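*Asks:* Annotations for this protein, taken from Swiss-Prot, read as follows:
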- S63: active site, phosphoserine intermediate (ACT_SITE)
- D13, S63, D437, H438: Mn(2+) 2 binding site (BINDING)
- H124, R153, D154, R183, R189, R254, A255, D256, R257, K330: substrate binding site (BINDING)
- D396, H400, H456: Mn(2+) 1 binding site (BINDING)
Amino acid sequence: MTAPKPVVLCILDGWGLRAEREANAVALADTPTFDRLMATCPNATLVTHGPDVGLPRGQMGNSEVGHTNIGAGRVVAMDLGAIDLAIEEGSFPQNPALRDFIAKVKANGGTAHLMGVVSDGGVHGHIQHLISAVEVLAGEGIPVVIHAITDGRDVAPTSAGEFVGQLVRVLPEGARIGTVIGRYWAMDRDKRWDRVKRASDAMLHATGEHAPDAEAAVAAALARGETDEFIAPTVVGDYAGARDGDGFFCLNFRADRAREILAGLGQPGFDAYETGTRPDWSAFLGMVDYSKEHDRFMTAAYPKPVIRNTLGEWVASHGLRQFRIAETEKYPHVTFFLNGGREAPETGEDRYMANSPKVATYDLQPEMSAPDVSDHLVEAIGAGYDLIVVNYANPDMVGHTGDLKAAMAAVEEVDRGLGRAVEAVTTAGGAMIVTADHGNCETMVDPETGGPHTAHTTNPVPVILVNGPAGARLHAGRLADLAPTLLQLMQLPQPEEMTGRSLIDA
């Protein structure tokens, strides 16, 4: 029997399953295609959080973690757990890259600028990592300025006051908060350079709103109607900006939302916006590698391990063609993260990235660029590729806004695209796995507070086999099992590095 062609992996980003219908955008939306597939196709559920995806127990998954595990075909130990362990066992203060940073800043008589998300969401960073770094640097007698990035997305929308207060209470002598900035400005990933400029101007040049202290900055923002994610860049107290000889340390460990701000702060020749005169940094450090381009001007405390024989690499090694498609909000996920942290495409790997709409928040345009993604997906299905990976961003990106009606509209748009994909795959004689990388929009109200729920969830996600082998059944598993499943459908052997197991029971 010949292998189906193409084999499609359709990732409905942020589409989780929850039995209760209340505030559940997936259940409340009109989804005839998804409902039909669940009723007629082999299906099961996948775990997307905790140790099953290389995270600490109870820690919700996210798109970086999800796509890394999917592409690797094995459970990948993620940065959060590795850094937590280093702090817990006491090796963090002796990290070689951190020691080098300390030596250079000391030699230049500089201040250490620490930027990181101030929450315990654990998706992009963790407040405890920031606190630990402050303790180490202040303990070395280095003045410390913190650029506190408020979250409100991976945690409750108005919880920044608690986290900033927690940080303030443990600051050692010689450490202070210099700016408070919502992640909307400092953690963009879609080239909205006007936002990034406002964040970097506050850090570099002390321009923006002003507040006497960090807690007052959060309170003033709330009074202006800004929830944590959107707090306008605010200069705290008499902070006057960065100077030559200072060092910069980014505590966030997830690459996609750190790249732009780091480029604006330190990349030589950067010209996406006018930065003004930037300091001659004595040292520029990150928790992890952010990209090969970033490696040219900064070092990493915890370099990424090499993941060999990812799904894309293995398919390419067999001389087969593959196609990756998403809109730009999820560009890194179906490329960089799915390929194990490598930016360059594999041999025979083509890509299409639809431009995400330039709106302030995606509840204003919940369909996002899904119609464009669907058009190019259908075209690719008929173009002779062996493997296609597509990501629909809407359920996650609109779910993050906390707007239930908009999330329902997002889900319905994706369901329309899914319907087109099913028809095209069936016509072509291919097969498709429909799944998600984590949950989000199935929980739009926080059950504890009654307010909007904007974070990911630990709910299971669906996995559906469309137009698969006759008599096939699926069993429950985890994200690492998807690559082996796709390889089985493609009738390719599984590399020994992949320890996941196919979800298909013949």
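One-based numbering along the chain as shown.
Glycine is treated like the rest: Cβ placed from N, Cα and C.
Situate these features within the shown structure.
*Replies:* Within its own chain, S63 (active site, phosphoserine intermediate) has D13, K330, H333, F337, D396, D437, H438 as residues 6 or more apart in sequence whose C-beta sits under 8 angstroms from its own.
In the three-state DSSP assignment, the secondary structure recorded for A255 (substrate binding site) is coil.
Around the Cβ of H400 (Mn(2+) 1 binding site), a 10 Å sphere holds 25 further Cβ atoms from the protein chains shown.
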*Asks:* By a 10 A CB contact count over all chains shown, which of the binding-site residues listed here is most packed: H124, R189, R257, H438, H456?
*Replies:* H456
*Asks:* Of H124, D154, R189, A255, R257, which binding-site residues are close to H400 (Mn(2+) 1 binding site), meaning a Cα within 10 Å of its Cα?
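*Replies:* Near H400 (Mn(2+) 1 binding site), where near means Cα within 10 Å, the binding-site residues are D154.
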*Asks:* Take the C-alpha atoms of R257 (substrate binding site) and H456 (Mn(2+) 1 binding site) and report the distance between them in angstrom, rounded.
*Replies:* 16
*Asks:* Expressed to the nearest Å, what is the distance separating R189 (substrate binding site) and H456 (Mn(2+) 1 binding site) at their Cα atoms?
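*Replies:* So the alpha carbons of R189 (substrate binding site) and H456 (Mn(2+) 1 binding site) sit roughly 18 Å from each other.
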*Asks:* Would you pick out, from the binding-site residues D13, D154, the residue whose Cβ has the largest number of other Cβ atoms within 10 Å?
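*Replies:* Neighbour-count leader: D13.
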